[in-house]
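The active site, proton acceptor annotation in Swiss-Prot covers D75 and is backed by sequence analysis. Among the features that Swiss-Prot reports, active site, proton donor is placed at H105, with the record citing sequence analysis. What Swiss-Prot records for G74, D75, E76, G77, K78, G79, K80, G104, H105, T106, R461, G589, N590, G591 is GTP binding site, and it gives sequence analysis as the kind of evidence. Sequence annotations record features per position, and here Swiss-Prot assigns Mg(2+) binding site to D75, G104 based on sequence analysis. Under the heading IMP binding site, Swiss-Prot lists D75, E76, G77, K78, N102, A103, G104, H105, T189, K203, Q315, T331, K459, citing sequence analysis as support. Taken from Swiss-Prot, the feature substrate binding site applies to A455, V456, T457, K458, K459, P460, R461.
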Amino acid sequence: MAAAPSATAPKHNYTLGTNASQLELYKYLKTVPPIPELRQAVTIKKYEEASVDDTLYPLIDEHQIIMVVGAFFGDEGKGKTVDAVARHPACTCVARVNSGENAGHTVFDDIGRKYVFNLAPSSLLTPNTRNYVSSECVMDPISFMEREIGQFIKSNMPYKDKLFVGNVFVVTPYHKLLDLLGSAPNSSTLKGMSPIHASKVTKRGIRLDHIFNDEGVLRARLAKDMDTYYGLLKVKGLTDKDVVRRCEEENADGVERVPGYVVDFARAENKIDYLVKLYTERVKNNKDFPRRCDVTHELRAALARGEKLLLEGPQSYWLSNAREKFWESTTSADTTAGGLLASAQFNFQRYKVLVINVHKAPGSSRVGIGANPSSFVPQDYYSAQDIKTLEALPKGGCVDFDKIQNFFYTKAFNTESKTFNGIYEPLEYEDATGKYNIGVAMSIASARHHGECGAVTKKPRVCGFFDCVLHFEVNAVQGPYLSISAVDRGDDYDRIGITIAYVYYDVGNKMVDANGRVYKNGDIIKAGDPVPCEMALYHCYPIVKVINGWKGAPIAASKRRPNEPLPKGVCEFIANVEFFTGAKVISIGNGPRGSDIIYLKQ
């Protein structure tokens, strides 16, 4: 059990072992009365496997616009569902319509070659699709060419007739430096998202078309927008040499978080000349740059012809800047289903829209900073200790995942007790490297065992329980259809936990006023109750329902026969998620390949 960070001063002396503050916290939390839902009987349906033709395709047939969106904090494994939808015969167009390269997904072609996409739609390798990056997206065209298009050039994979780019907002090197210099350590992807969206809403900066037109206008707009960059340097008392040094420090561990051309910009004496030359040579006069078009017009025309359109959602519902609850720690675009539809600029009265939410469990995760009530450790546990990659985790510590998860679910959760209230005891797990708070051990072991690190940042993700409190709202806004990825991870668990409620507790007995409701110690927030703002969520702890696992009856595609009955534990997990959230689970992931999906008979 980890003490919550303060919303105003989230600096802590975190420890590996259980400390006095955690023991003091548990001293109170163990007195919280059990809520009836912990013992409430949930009807366990017999979920049966069906084909994609009998489950997903009929849904697609009934709609013109299909959206695949994240339902938690990103990194849910959306690419697999995107690929499945894109392979529908009538789905001809796939588009990214907002946000930028702060997303990340890995796909493999038919001969096993690996491609990593950040802004380009992940269906670029899917036959018979046209792929678009819409004008409401933000793009660093240099990074886009180097990291994404460069993969196609290197492998001689044609893309000119499959990928089209609209008049995007241009992320410049100074946007990325503003991100680096202005963000708290380990709190950002360093892709310049906040600064470019600030330029966007203040109508400064440049769009892609500016690079292809009058150079004088291009120079003037860049100069005006760079006032913010120079202003930050002045306020912080930084020189160009200081900025270069900061970039080198960020890249010192071998992970290039600040690209070379961004460092060169910081070194450049005449920065406007540097940018104009950079964009002229590597964008305007670059024969390899993708074809440009009015994406909105092309997509509307496709819909008018009766074609189906897939909108690929970046990030997720709770990382959307339009969501009040986590506003301080979100991305800078509206990445909800409604935000995607608005960015696409369609007449929503004319078309039927299908939304498929994607979540991940076990091992639901988040990167960055902010509140995360269902996590094993506070969300800033790694960032506060400057742990930037999985390799920086305690060497040799918490490597026995099987032993740790068993200890966690059978010892820390005393489910046999009549007074069990869904809150685990902060016991210590010990291995050859020392003693670990069980939440810390579970967090480290989960990150290692499941390879949970950011697709963009490489930072270890903070793992936790499937959060029914948060998903209830997602389902209310853009449900009911839900695909849960990585369920085959449950093959390695004796039991599975899901969060069905929170309890509010502040060690200083402080109350939080959120939307007129005052939250005080002992208040319970259940699935279906209003979700408070982050100021309150920092002091919320998960009430966990523990479900029997299915260890010994694996569902992983490499071990399971097709159409084999699903284990009782899997059915119990799905039934509880549906019961507490109102969602309708249409598929579960059971392996790393795109085809490793079990569709559920509807």
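Cβ atoms are placed via backbone N, Cα and C, with glycine included.
What Swiss-Prot annotates, mapped onto the structure for a quick look.
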residue : record                 : Cβ contacts under 8 Å, 6 or more apart
E76     : GTP binding site       : G70, S316, V358, H359, K360, S485
K78     : GTP binding site       : V68, V69, G70, H105, E312, G313, V358, S485
K80     : GTP binding site       : S485, G589, G594, D596, I597
K458    : substrate binding site : V255, K388, T389, L390
P460    : substrate binding site : Y382, I387, T389, L390, L393, A447, E452, C453
N590    : GTP binding site       : V487, D488, I555, A556, A557, R560, D596, I597, I598
Query: Given the recorded positions G74, D75, G104, which one's Cα is the least distant from that of Q315 (IMP binding site)?
result: G74
- request: Would you kindly give the Cα-Cα distance separating K459 (IMP binding site) and D75 (active site, proton acceptor), rounded to the nearest Å?
  value: 12
Query: Among D75, E76, G77, K78, N102, A103, G104, H105, T189, K203, Q315, T331, K459, listed as contacts of IMP, what is the widest Cα spread in Å, to the nearest whole number?
result: 34
Field: Lowest local Cβ density among N102, T189, Q315, which the record lists as binding-site residues, within 10 Å
entry: T189
Task: Measure from the Cβ of G104 (Mg(2+) binding site) and count the other Cβ atoms within 10 Å, all protein chains considered.
output: 20
- request: Rank the recorded positions D75, K459 by the number of other Cβ atoms within 10 Å of each Cβ, and give the residue at the low end.
  value: K459
- prompt: In angstrom units, rounded to an integer, how far apart are the Cα atoms of G77 (IMP binding site) and G104 (Mg(2+) binding site)?
  reply: 10
Statement: Reading the DSSP string in three states, the entry for R461 (GTP binding site) is coil
- line: Between the C-alpha atoms of N102 (IMP binding site) and R461 (GTP binding site), the distance in angstrom, to the nearest integer, is 15
